[in-house]
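Novice: I have a structure here, written as structure tokens, and I will follow up with some questions on it.
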Amino acid sequence: MALSGLDIYKLLPKTNCKKCGFQTCLAFAMQLAKKAVSLDKCPSVGESVRLKLEEASLPAIRLVEIGTGERRVAVGQETVLFRHEEKFHHPTAIGLIVEDDLPVAELDRTLGQIRSLRFERVGQQIGVELVALRNTSARTEVFVEQLRRIRAAVSLPLVLMACSAETLKAALRLCASERPLVYCPKATDLEAFVTVCKESHVPLAFRASSLEEFSAATKKAAQAGFADLVLDIPENTTTERLWQLTQIRRLSLKKGERSLGFPTMVVVNTAVESEAVCQAAAYIAKYASILLVRTTKPEHILPLLTLRQNIYTDPQKPLQVEPNVYPVGAVSQDSPLLVTTNFSLTYYTVLGEIESSRRPCYLLCMDTEGMSVLTAWAAEKFGAEQIADTLTKFKLADTVRHKSIVIPGYVAMMSGDLEDKSGWRVVVGPREASGLPVFLKNLAQG
């Protein structure tokens with residue numbers, strides 16, 4: 001838990017020797033709290049104080065990295081309970097569980113489905129991040145062989161759900177350099193798993209039945225010199241799991257309980273797929289750092305990815321598109337010109353409907369600082385004057401020869417003013433983007 005300037009001042013010598021470059025120890029402490037200076041500037045501080053300040057400067061929730069290179073996944077290091085206080089930093093990593101007793105043909109089909117789970121939404125690529133191999137067969141040779149097949153077929157970071165330390169060692173001989181996440185299924189194996197993970201420099205997820213057991217286990221691991229841990233919330237009712245997720249986040253951030261300051265993981269084993277998706281959505285919304293599910297169906301995964309994308313968007317920086325004129329289809333000087341805002345959700349919704357109409361168009365994306373149509377209009381970011389200036393800025397009179405512009409139906413009230421200010425003919429379009437295909441068809445006929 002970060003210390004305030006006064007908290008730091010209480011630990012300093014209070015001699016006001018000025019050797020640090022500041023007039024008083026209090027002034028130096030205030031700069032330390034803001035991380036503007038280093039503690040090394042104080043020659044009189046003791047080693048115990050130095051260690052205490054270094055510990056206080058550590059994040060309340062440890063950052064754990066899984067995988068390497070471009071596919072590396074980082075979880076943890078969250079700083080707030082609620083998104084509006086700042087933002088959530090590391091999105092929930094979603095992984096798909098693969099059983100090692102699957103027939104080869106079914107495994108290949110499953111891996112093909114996993115590779116296809118990439119989508120584009122509001123201009124961003126979204127998809128699953130992890131593949132978890134579960135040692136259902138309880139046989140080392142089967143686990144290792146299926147691991148070989150998975151590594152050859154997909155490039156996602158791995159979660160190794162081995163049933164024993166010996167099986168884990170055999171698997172890590174193949175992929176330790178790829179930094180997989182190891183999963184310890186039984187509390188009795190935790191000490192052995194910690195030893196293996198420490199030797200291989202890979203993170204470890206483990207399960208405990210209570211917060212007290214989690215705390216005791218992380219303290220014991222810390223004494224052994226290992227801290228790359230993930231807390232796996234035990235199977236229970238959805239309500240109980242949500243309670244534990246919330247308590248871990250609250251205790252680590254608000255109470256400074258470092259023994260619980262680790263990323264969390266939830267494994268959803270519910271057989272009914274619709275229930276599993278609902279549970280998974282709840283865990284994404286309430287602090288799960290890693291989520292493992294069994295389904296590979298796009299209709300189940302896409303809603304979870306969409307929910308995650310919305311929750312982990314910075315609320316202070318709306319998703320925006322670069323303001324510009326975008327041709328859609330094989331445009332010509334006679335193609336219609338439409339205008340919208342640069343709020344990503346608005347822009348891509350309009351773009352999708354234009355593409356569905358199969359009518360080549362120019363789409364003018366206005367700089368509204370990421371606001372939607374009505375919000376931007378109310379904030380005077382999407383008015384007649386702004387649109388007229390943008391038409392001139394992009395020299396659109398040279399792009400289309402009809403000098404007509406289609407505006408959203410929700411701002412029809414500014415059509416006359418826009419015509420006066422721009423000298424263009426203004427056509428009022430539909431209020432909703434879903435009406436664009438029919439509108440553009442009739443516009444083409446007219």
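Any Cβ shown, glycine's included, is placed from N, Cα and C.
Dumping what TrEMBL says about this protein:
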type	residues	note
BINDING	Cys17, Cys20, Cys25, Cys42	[4Fe-4S] cluster binding site
BINDING	Thr340, Thr346, Gly370, Met371, Ser372, Val373, Ala433	5-methoxybenzimidazolylcob(I)amide binding site
DOMAIN	1-59	domain '4Fe-4S'
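Quick one: where do these features end up spatially?
Specialist: The Cβ of Cys17 ([4Fe-4S] cluster binding site) lies under 8 Å from the Cβ of Ser44, each of which sits 6+ residues away along the same chain.
Residue density at Gly370 (5-methoxybenzimidazolylcob(I)amide binding site): 19 other Cβ atoms are found within 10 A of its Cβ, drawing on all protein chains shown.
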Novice: Does DSSP give Thr340 (5-methoxybenzimidazolylcob(I)amide binding site) helix, strand or coil?
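Specialist: It is in a strand.
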Novice: About how far apart, in whole Å, are the alpha carbons (Cα) of Gly370 (5-methoxybenzimidazolylcob(I)amide binding site) and Cys25 ([4Fe-4S] cluster binding site)?
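Specialist: Given the Cα positions, Gly370 (5-methoxybenzimidazolylcob(I)amide binding site) is 45 Å from Cys25 ([4Fe-4S] cluster binding site).
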Novice: Taking the Cβ of each of the binding-site residues and counting other Cβ atoms inside 10 Å, which one has the highest number: Cys20, Met371?
Specialist: Cys20
Novice: Over the domain '4Fe-4S' (1-59), what is the model's average pLDDT?
Specialist: 83
Novice: Find the one among the binding-site residues Thr340, Met371, Ser372, Val373, Ala433 whose C-alpha lies closest to that of Cys25 ([4Fe-4S] cluster binding site).
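Specialist: If we rank Thr340, Met371, Ser372, Val373, Ala433 by Cα distance to Cys25 ([4Fe-4S] cluster binding site), first place goes to Met371.
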Novice: What counts of helix, strand and coil residues does DSSP assign across the domain '4Fe-4S' (1-59)?
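Specialist: The composition, in the requested order, is 30 helix, 0 strand, 29 coil.
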